[in-house]
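As given in TrEMBL:
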BINDING   R75  pyridoxal 5'-phosphate binding site
BINDING   R97, S98, Q105, R313  substrate binding site
MOD_RES   K284  N6-(pyridoxal phosphate)lysine
REGION    464-485  region 'Disordered'
Amino acid sequence: MNSENFALSEKLVSSSYIRQGSQARRSHEQLIRHLLEQGKCPEDGWSESTVELFLNELAVMDSNNFLSNCGVGEREGRVASSLVARRHYRLIHGIGRSGDIAAVQPKAAGSSLLNKLTNSVVLDILKLAGVRSVATCFVVPMATGMSLTLCFLTLRHRRPKARYIIWPRIDQKSCFKSMITAGFEPVVVENALEGDELRTNLEAVERKIEELGAENILCVHSTTSCFAPRVPDRLEELAAMCAKYNIPHIVNNAYGVQSTKCMHLIQQGARVGRIDAFVQSLDKNFMVPVGGAIIAGFDESFIQEISQMYPGRASASPSLDVLITLLTLGANGYKKLLSERKEIYSFLAQELKTLASAHGERLLHTPHNPISLAMSLDGLQAQSEKAVTQLGSMLFTRQVSGARVVPLGKEQVISGYTFHGFMSHSEAYPCPYLNTASAVGITREDVTLCMKRLDKCLKTLKKEQSAVTGGSPVPPASQEDAPGE
């Protein structure tokens, strides 16, 4: 209620009570005012009542919620189900206009304000997470792969003769298909094995640039967050190389916002060389439903070009979800989640190392990967190749989600391209292994329960093999035999 309505209320209820209610209302409004003034994530999270009050205030600014609205167009924000309307807080018009996802909608001042505030708050979080010099960003209602495609399509207008994208190999389908969908030819550069780690082969990248000609290359497409034993690309060196040859550089930072190391790599890459845009998922970094990503960069004009490339209006759901989440957490709440994730990474590493040792395996040494870990499965491989893949099935049926079992020599064809050793980021990684990850939101209980179930699965497989061989199980690989040692 406004001040006039509060004054009228004093005729019905004691003025002292009304003043108390008015002061409570002002405390909510003060938080909203700070958000509008600063455009930053609040230090401390808001209560649900404040968030809902704010969203309701935004919703009544959209034309579909005007009490006297008379809609005669083809898109008037009509919703048949009241359940759907409530699910979206009656913010029905979406974001952007037909020519620009960042444009303001005349029919939807509230939704447009939501869009602007979300982008501003997310930009503040990217800076807080470590990319201090990022200039701008926007939330796009597509997951990471399609968002990368949008970046490549935008670069097409700047480099119409280019047909190749140089891509240090990472075995993840969507980032590969993002290049194919955009109509470009991926040039796969195999990684270099250093100890247990798979790292960027800088010499091979530069050879490809010289072989193909810089003017024929759309961009270098690098990666930060990835499954061990692959580690983040050498962004500083790649960024310097892109600056040297005047080639754009797009970074797939899918779940890297939660890692200070990944964000530091992007910051340093932009400082010493060239990074045109970096793309990150909303669900992986902010614990919201799948369907949104953030496209960010250091040149406002290029990021604006990308937003203008998006055809038509867009769903506001991803923007709404991430704004609600960040207002509820606050900057301090999000920083706490990042800190807890890092602590549990150390706990997971220690637990996995102990378990691996108990089964004659070892934790692969991948210090440059700050999120993912891998444990060798040489002992299972010695039993049989089937035992390795069976472990993955056993974990899944025992409700251990996210763990990846990577066998030797798997072949995969994607859009006509054949990958040998698929899932291992290498044509011939020395051993099969199991992946786990310490991602934002993970708990110590998750780790403990996973280790307990993994231990049981490994023991079961050994018993089965022992029964097959008449009580003489094949001994697991020793520490001395392990690759990379």
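Here the Cβ of each residue, glycine as well, is placed from N, Cα and C on the backbone.
What you see is a predicted model, and the numbers here were worked out from it, not measured in a lab.
Rounded to a whole number, the C-alpha distance linking S98 (substrate binding site) with the residue listed as 'N6-(pyridoxal phosphate)lysine' is 29 angstrom. A gap of 12 Å separates the Cα atoms of R97 (substrate binding site) and R75 (pyridoxal 5'-phosphate binding site).
Between the CA atoms of the residue listed as 'N6-(pyridoxal phosphate)lysine' and R75 (pyridoxal 5'-phosphate binding site) there is a gap of 33 Å, rounded to the nearest whole number. Cβ neighbours of Q105 (substrate binding site) (same chain, under 8 Å, six or more residues apart in sequence): H93, G94, I95, G96, R97, S111, S112, R313. For the recorded positions shown (R75, R97, K284, R313), fewest C-beta neighbours within 10 angstroms: R75. Of all Cα pairs drawn from R97, S98, Q105, R313, which the record names as binding substrate, the longest spans 10 Å. Sequence-ordered, the extra residues of this chain that approach the substrate site, with Cβ no more than 8 Å from the Cβ center of R97, S98, Q105, R313, are G94, I95, G96, G99, D100, A103, G312. Its Cβ placed at the centre, S98 (substrate binding site) has 9 other Cβ atoms within 10 Å.
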